[in-house]
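Per TrEMBL, these features apply:
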DOMAIN    205-465  domain 'SAM-dependent MTase RsmB/NOP-type'
BINDING   C291, A292, A293, P294, G295, G296, K297, D315, D342, D360  S-adenosyl-L-methionine binding site
ACT_SITE  C413  active site, nucleophile
Amino acid sequence: MKNSSHKTDVRYAGIRVLREVDEKEVFAQELISERCAQSDLSKRDKNLLTELVNGVIRHRLPLDTLISFFSNIPLNKIEPWVLYALRVGLYQIAYLDRIPLSAAINTSVALVKKLVRRTDAVRFTNAVLRAAERSIQNKSACEPEITDLQKALYRRKNIWCTFHHPIFPDPAKHLTSFLAINYSHPEWLIKRWISRYGKEKTVEMCKANNLAPRVFLRVNQGKISTREFLALLDKDGISARTINTAVVVENIAVFEIPGFAEGLFFVQDISAMKVAEFLKIEKSNTVLDMCAAPGGKTTHIAEFLGNTGWIYALDISAKRLQLTKENCLRMGIHNVSIVCGDASDEKAPFRMKFDRILIDAPCSNTGVLSRRVEARWRLKESDINKLAALQYSILKTGASLLKSNGYLVYSTCSIEPEENQGIIKKFMGSEPQFSLDAEEHYLPDMDKGDGGYMARLCKRQVYSY
Ligand SMILES: C[S@@+](CC[C@H](N)C(=O)[O-])C[C@H]1O[C@@H](n2cnc3c(N)ncnc32)[C@H](O)[C@@H]1O
C-alpha cells in the first residue's frame, strides 16, 4: 500500500511484518531489517516501523487484554487484519507519546478499510479504539498517583497509563496474572522467575525486556582502532561512548551507523562479547565453533587468532550459514571453513580434533527477550527440557572432538538453570576427563547487557601405563 505521494505506508508495512512474524515463525528483527533495506521508507519511518513492530510484539498481552475488554467479539473471532490494526492503534494510544490519539485511531481504521473492505469491520475497529481512548484517565501517571492497580497499565520508566475502568486482574488475588499482563510476559515464565529470583527481580527483568536494548558495537580491530571509529561516529554527529572494549551508540538505528558494509564493526551485545575471550584462544589454534551462525562469535574468535590458525564454523541452518559467510567477508576474515551439519549427531563431519571448541547452543533465549521480541510468545515451558536434551547431546559431540589439554566453552543466552548449570553438572558427572575451569551466569540488565551463561571445561590428558 502506497500513500497519496506513492511512498510505502509505514503502518501498512508494519502490520504485514507483524502478521508474517506470527505466521511464518521468522525473527522480527531480521524481517524489519529486510523491509527497511528493500523499501523507500524515510529514516524517520524506518524508526517508526521498528518501534511499532517491536513494541506491539513486546506488549501483545496487555494490548490483547485491552482489546478483549473493549470489544464485544471474543479475541479469537476477530478478523486477523482487524486484530493487528487494533494492536497497532492501541500500542500508539497507550504506549507512545509522539502520535496524536486521533492519528493513531484514524490510521488503524484506514488500514482496515484497505485490507478488509467491510463497513462492519471498519466500524468495529473505530468503536474499540475510541472506547479505549475515552477510558484513559491519565497517560503519564507516576507510581505514587496509582490508587487502583486494576485500572493501571505499566508503560515504561515508572510511568503508567490509568483508565476509568478496572481492566486488569486484582494483584492481591492473582499476582502472577497481574504481573504477566502488566509486564507482558507469559504467566508460566513469571511463576518460574518469581520462584527463583523473587518478585522484585522478576519485575525488574520484565521491565528491561520491554525496552529497546542498547546497541553495542564490537569494533573490527583488524580494520580500524576504537579511537578512529569513535572519531568517525563523531564526524557524523553520532554520540557514542565505550564500556570496556565495546562502543555504545545512543538513539540511532543500526542502518544509520557508518562503516557497516565496510566491516568496521559487528553489532553484538556486551555479554556476548565475553564468550570468545572466555575461550582462551591462543595464536595458531584450530577452533571448532559448533553453533556458529550468523557468525558473531566466529568473527570475534578470528580477531583473537589474527591471521593465524583456522576456524571451522558449523551450523545446522544453511540459510543462517549464508549470513555467517557474508559477515566473514564483510569483516575481512579468511581463515574460516563453513560447514553445514548437525552438531548433536555423534558422527559429526570431522576426523580431526580441535584445540578449542565453542558451543553457543540453541536455547530458550530467556536472557535476550528485549532483543528477540517474539521469543517469549513462541516458547512453551515444555520446550526447556527438549532444548536441554539437544544441548546435552551437542556438548557430548563437542567433548569427543576436543584435544587433550584443550578448552571447550559451553554458552547460552538463557537464564534457565536446566539449560545451563544443569547441563554442565550432568556432563561432569559422566566425563571424569573434564574439569570445570570457570563458570559465569548473568541476568539481563539495561546497563550490563543480556542475560546468559558460560562454562569453560578443560580436557585433561589421560596417561595409560
Ligand atoms: C545462539 S545461536 C548461535 C549464535 C552464534 N554463535 C553467534 O554468535 O552469532 C544458535 C545456533 O545454533 C544453530 N543450531 C541449532 N541446532 C543445531 C544443531 N543441532 N547443530 C548445529 N547447529 C544448530 C542454530 O541454527 C543457530 O544458528
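Note that Cβ sites are derived from N, Cα and C of the backbone, with glycine treated the same way.
Here the structure is a predicted model, which means the values were calculated and not measured.
Here the features listed in TrEMBL are placed on the structure.
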residue	record	DSSP (3 states)
C291	S-adenosyl-L-methionine binding site	coil
K297	S-adenosyl-L-methionine binding site	helix
D342	S-adenosyl-L-methionine binding site	coil
C413	active site, nucleophile	coil
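With respect to their backbone Cα atoms, C291 (S-adenosyl-L-methionine binding site) and the residue listed as 'active site, nucleophile' stand 13 Å from each other. Cα separation, A293 (S-adenosyl-L-methionine binding site) to C413 (active site, nucleophile), rounded: 14 Å. Looking only at the recorded positions C291, A293, C413, the densest Cβ neighbourhood within 10 Å occurs at C413. Neighbour count (other Cβ atoms within 10 Å of the Cβ, all protein chains): 24 for K297 (S-adenosyl-L-methionine binding site). In the structure shown, across all protein chains, G295 is the one of the binding-site residues G295, D342 with the greatest number of other Cβ atoms within 10 Å. Calculated from their C-alpha atoms, the gap between K297 (S-adenosyl-L-methionine binding site) and C413 (active site, nucleophile) amounts to 13 Å.
Across C291, A292, A293, P294, G295, G296, K297, D315, D342, D360, which the record gives as binding S-adenosyl-L-methionine, the greatest C-alpha separation is 19 Å.
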